[in-house]
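J.: Handing you a structure now.
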């Protein structure tokens, strides 16, 4: 494609569910979870420290497809969630896997909050599990279970808040501090009795009419973007004041006009905010990745279409790279995944490539 | 006696500038160039419009540190960046030739279709061919003779003061209607029709059915014969089939199929349209298709309705037996539609539009309860049934069970022996 885009070597053999960059700004490591039941760890740097096609460092096999992965406190530990109902912690140095907790259905998402040192997992059994990272090692430390009104489809955390987007267009915003306190208190209580009804800080209805596909929080903790299966992205602010709420908006994207004039609408599978500029990237079922300036409501750029659906995008902690996971058959689930169609692209971003241009 | 133009000639079509990348053709080279700049040579990153693919490539590499690998919005086999195209310059000879051939064959096909649909002679033949034929038809002696006769008749007619028309007096009683359509666009037909009449004997009856009068006349006075039969034949069989009474001979029946033809027709057909409501049988007026829609739209606009943007289908002209009914139907449809948005409004009118407007949006994934991941998780290849007691995979369990069953059966069989 372009000279500053690499295809990561030895990609997963089946569709990619999630791709994350290391939290360390000086690192170019990525973890990738895949439907082929493995979690892959890549280092994009070669021996000379130059970012290129990278190499596969490690591969961690699970019992079932892995749906989400995130880095923990540092880049040596990751948390995974998958169809085997378990939330795991993997120590990358020792390859030791510990099960933090088990849900009663597939676990769709897992996030780690560095500020509060808790791990939150969201499962299709309509619960959140909130763990202390040492839960596996410490048998006394049990996760608290927060029931949700519907199945969660996407979660995202900022320094202070956790957003859970659910079925029926419901959206809860939790105060992470409260959740962390509850988890700490739950430590000493009797096992099994740790189901806690937590009142969210805010309950909202999605401003999109269709199923929420992804949510992502702004790095400055001011608001979030959400996307739906119907080619639309909404940008909203946490601040409940009418002035802030009046700023919220939604726009259409990831659509194509077919030859017969029909507007083909693709789901917006993934959203990721740039850690420095506060702009965000969206990846859709049409294979397009676009960068948006959520504040000035502008598209910054749109990259050349990829062959198949974009299942996950992630910015590196330094903001210099954008990783794009491309996998086929992600929407309909019927296509057999052909070899060579699952790819991870890494774009080296120019200094201002993802920067908001400001009003013209 | 101005000849009606029938759409662009082949030369004009071939002369039109066209875009190498998408095969679209344009009125003007300037428009082509601005099209290329906007569609094919635009930088995605900064929206700058470059002049050529090479320019875009240099721009991308210098400004954005990217490499151009393909031209945007281009046909699959035209995406190459190595060919430098600017407007019409730089198109490879073979591609140019292929394009010209394509245009020519399309033109001929359109011509054939039109000919088939309207029964009119091909454009080239009608403009160039017909006058060319005429001298062949009539030997000079004949012509002189006829001229003399004609002059005589004319003098007679002038003296009689009956009609200032060219129409011979013998035909005058019969041609009260034809006289009305004499200045119609079918100029090619009329002169030949009126001239030979004295020779061709009396026209067939009071209502001169064109096919009846026309063909005998042709055959009677044409010595060369062979050449004008193809020219004349379209008139006779398909041109004026029986359902069309003499009131409307000049209007070809199958005009729906030939939009290019109709576009040139409007002035005369409108005249006829306004003149005709007095005529007895409205439903069979074939010329209704396009002009009638315009008229309806006009009427609707007069009634304060915005006409639908897309042309009405043949359903209109079929249902057009009563003009009033025809007008009221779309109006009724539009009133409830007006409450909705514009898309819903048009959707009510005809079926094909329904397909275009309402599902103009097609969701690639449309399930509001099950996320794509859940759907995928239901696939057999991703199936997982957690087994809390053993951490081993499922595959071992059935194996054990089968082994156990076999052993049991063995022990049962053994004592029986």
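Glycine is no exception: its Cβ is also placed from the backbone N, Cα and C atoms.
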J.: When TrEMBL marks a stretch as region 'Disordered', which of B:61-87, B:304-330, B:331-357 is it?
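T.: TrEMBL lists region 'Disordered' for residues B:331-357.
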J.: Over the domain 'C2H2-type' (B:41-69), what is the model's average pLDDT?
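T.: On average, pLDDT over the domain 'C2H2-type' (B:41-69) sits at 86.
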J.: As a quick check of your reading of DSSP, tell me how many residues in the domain 'C2H2-type' (B:41-69) are helical, how many are strand and how many are coil.
T.: 12 helix, 2 strand, 15 coil
